[in-house]
Amino acid sequence: MMIYLDHNATTPVHPDVVEALLPFLQGKFGNPSSIHWAGRAVKGAVEEAREQVAALAGCEPAEVVFTSTGTEADNMAIKGAASALGGGGNHIVTTQVEHPAVANCCLYLESLGFEVTRVPVDRDGLLDLERLEAAVTDRTILISAMAANNETGVLFPVREIGEIAARRRVPFHCDGVQAAGKVPLSVRDDGISFLSLSGHKLYAPKGIGALVVRRGVKCQPLIHGGSQERNRRGGTENVAGIVAFGRACAIAKETMNDEMGRLKGLRDRLEAGILARISGARVNGHRELRLPTTANITIPGVEADSLLMALDLEGIAASSGSACSSGTLKLSPVLAAMGRTPGEARGSVRFSLGRGNTDQEIDRVLAVLPAIVARLRGES
Amino acid sequence: MTEKNRKRIVVAMSGGVDSSVTAALLKEEGHEVIGISMQVWDYSKFTARGGEKFDTCCSLDDIHDARRVAEQIGIPFYVVNFEEEFQRLVIDDFVDEYFRGRTPNPCVRCNQRVKFQLLLQKARELGADFLATGHYARIERGGDGLFHLLRGDDPGKDQSYFLFTLTQEQLARVIFPLGGMTKPEVRQQAARFGLRVAEKGESQEICFVPDNDYVRFLEEERGKGRLAGEIVDRAGNVLGRHGGTYRYTVGQRRGLGIAHPHPLYVVGVDAERRQVIVGPKEELSALGLAAADVTWVIPPAAETVEAACKIRYRHHPVPCTVTVLPGSRAEVRFREPERSVTPGQAVVFYHGDEVLGGGWIDAAVTGN
């Protein structure tokens, strides 16, 4: 039995999404910018997809800019805001637990002379809003905070951050890559200026993402070129990817309530089972204010990389929540920011659930995990 | 193969021909094979001169090769990160030894402290019966119930010297499938399996010094200009100056920069006095050596052991008498005087093809 519990890394493409995108690989090849029949045949599909993404994100279709990835969307928001607004200030407020796509953009801007304040989180991974607001100065050009943490699933209070941003008249970039399709998000209602999205986290293929740029918010393009995406992102559109992304957003919006209820049930059973069977195991992140799909668990006395290998040999795919480019383990800055010791972080694994997972799979994990942990602890 | 004979075996894969063939052979025999590469060194730290590309035993390119070979032969493959441990257990020791006036052997240290310690531990954690490597050496279980470590069958490739620290417990859990093969045979096997690395060249000796410029490496680790001092002869006459004792090793002839009527060799390095001691070739000669941290694969039966010893990897074993001393020490007397006994190198004791044990050279014995 192959069991996939790493949906925060990526998801399998939904069969309906595959069906929706295939015509754009097999016959509908046109360039949406073209005036002729071939272009027309795809232009409408791109715009329909834009509407579907907008519906999930709670924004206007015209505010959706398709990008290659969530990382590109983060780069565009942060660097684009910095180059558009840099004249009016040089300060960015972000958090200690952002995804590398945000964290490393901020580091880069720091190297160019920007100042960055990284607001800490508490032991549960929650953000202190008072500290966030106190960090904002009259030189602040952007607040960047994620909606849901990729490693722990902990949710930040997006609407409250949006209110602070509005009150202080600072644009708010929200990395919504992990949250979209799992918890409700609304650019309009939450006061978001920029929202980053990624297709492959919600059952679309890799290589498609989007940045929602709220009407009236200043942002320079990251990729200069033709007039695609209303001059905000050059390059011929990834039509099949865009169509797939749109369809995936539509499915997510439609199924979110039921599916998230089901997955929360499975996740909670997995967590409770692990805590009951493995001595010393602890859940990382606030127990309620979390994605319903993510379980980040510290298992004292084991090394996560050994545990992940041993699980893989049983056909179970999980993750340590943070991997460097060569595929080897590095300690998680997210868990460090939550006050975990290096030893605790080293023994932490992430299970992230998705639409394919079943009760039987959870049973199987709970059946094999204790023996693996016992072996790693040298108890067997 | 019966289920009973089918073992779970972790293969230490470096991306080279030897470990790739090791994995392919075990897989072909029907075992459950798991490939693991150790990432021990962050190559982005290394600034290549002229931007040339380095091929060494554990660079990211080699991990990539190992991964592709594992895919090709159809086995799971993982990378374990031992950077921190490798720095602490191998590199720091390497640097410290040079700054103590000694010439270290990091490959033995890596085998002793990383490969057959930490990686073997990982293999056990994964429920593996054995750890296999591509070393040219053999392990045989004798009628005495002991595991015997033997030279590889290819005399030009034998790597038993690097393995002398292995204990009975380790030998029971380690296999060397290439021990009975020659390098050309291994290359033939690589070609038979159609392995992408069949034509790949040999790796260099020190994986973390890819350009072999160990002096530059030491100075990048600890800074330039330390331990600079005098070049003297045995009588104490100052013949010149040098830029750091760590730049010199016993037996070295080049790079002294001294005009002298007869050829001069480094015959000693004294880090405390910051002196490099030079002399004629005859002064390189030693009657024996003192060894520390001596370990035995096969515990010696008596206080003195007649053996043959290798005092560096590329050295033909020479007859000697080993006297076992308390505190894991030993004194070695050569039957004939030997040149270039180098503190910091390993001395390995053989009986025929068998490794009896070994230790680390502390000093040459020159007097009576």
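Keep in mind that glycine also has a Cβ here, set from the backbone N, Cα and C atoms.
Please treat TrEMBL annotations as automatic predictions, because they have not gone through curation.
If you look up TrEMBL, you'll see B:Cys110 marked as active site, nucleophile. The DSSP secondary structure for B:Cys110 (active site, nucleophile) is helix.
According to DSSP, B:Cys207 (active site, cysteine persulfide intermediate) is assigned to coil rather than to any helix or strand. Marked as active site, cysteine persulfide intermediate by TrEMBL: B:Cys207.
Under the heading ATP binding site, TrEMBL lists B:Ala12, B:Met13, B:Ser14, B:Gly15, B:Gly16, B:Val17, B:Asp18, B:Ser19, B:Met38, B:Gly134. Using a 10 Å radius centred on the Cβ of B:Asp18 (ATP binding site) and all shown protein chains, the other Cβ atoms total 26.
Taken from TrEMBL, the feature disulfide bond applies to B:Cys110-B:Cys207. Around the Cβ of B:Cys207 (active site, cysteine persulfide intermediate), the number of neighbouring Cβ atoms within 10 Å comes to 22.
The feature domain 'tRNA-specific 2-thiouridylase MnmA-like central' is assigned by TrEMBL to B:217-279.
Residues annotated as domain 'tRNA-specific 2-thiouridylase MnmA-like C-terminal' in TrEMBL: B:289-361. Looking only at the domain 'tRNA-specific 2-thiouridylase MnmA-like C-terminal' (B:289-361), the predicted model's pLDDT averages out at 96.
Under the three-state DSSP scheme, B:His135 (site 'Interaction with tRNA') falls in the coil class. Annotation comment: TrEMBL describes B:His135 (among others) as site 'Interaction with tRNA'.
Look at B:Gln345 (site 'Interaction with tRNA'): DSSP puts it in coil. The site 'Interaction with tRNA' feature in TrEMBL is assigned to B:Gln345 (among others).
B:Met38 (ATP binding site) sits 12 Å from B:Cys207 (active site, cysteine persulfide intermediate), taking the Cα positions as reference. Cα to Cα, B:Gly16 (ATP binding site) and B:His135 (site 'Interaction with tRNA') are separated by 12 Å. DSSP gives B:Ala12 (ATP binding site) a strand state. Annotated pair B:Ala12 (ATP binding site) and B:Cys207 (active site, cysteine persulfide intermediate), C-alpha to C-alpha distance, rounded: 15 Å. Looking at the residues that bind ATP per the record, B:Ala12, B:Met13, B:Ser14, B:Gly15, B:Gly16, B:Val17, B:Asp18, B:Ser19, B:Met38, B:Gly134, the two CA atoms farthest apart are separated by 16 Å. Take the Cα of B:His135 (site 'Interaction with tRNA') and measure to each of the recorded positions B:Ser14, B:Asp18, B:Cys110, B:Cys207: the nearest one is B:Asp18. For the pair formed by B:Cys110 (active site, nucleophile) and B:Asp18 (ATP binding site), distance between Cα atoms is given as 18 Å, rounded to the nearest Å.
In this structure the alpha carbons, written CA, of B:Cys207 (active site, cysteine persulfide intermediate) and B:Ser14 (ATP binding site) are 11 Å apart. B:Gln345 (site 'Interaction with tRNA') sits 25 Å from B:Asp18 (ATP binding site), taking the Cα positions as reference.
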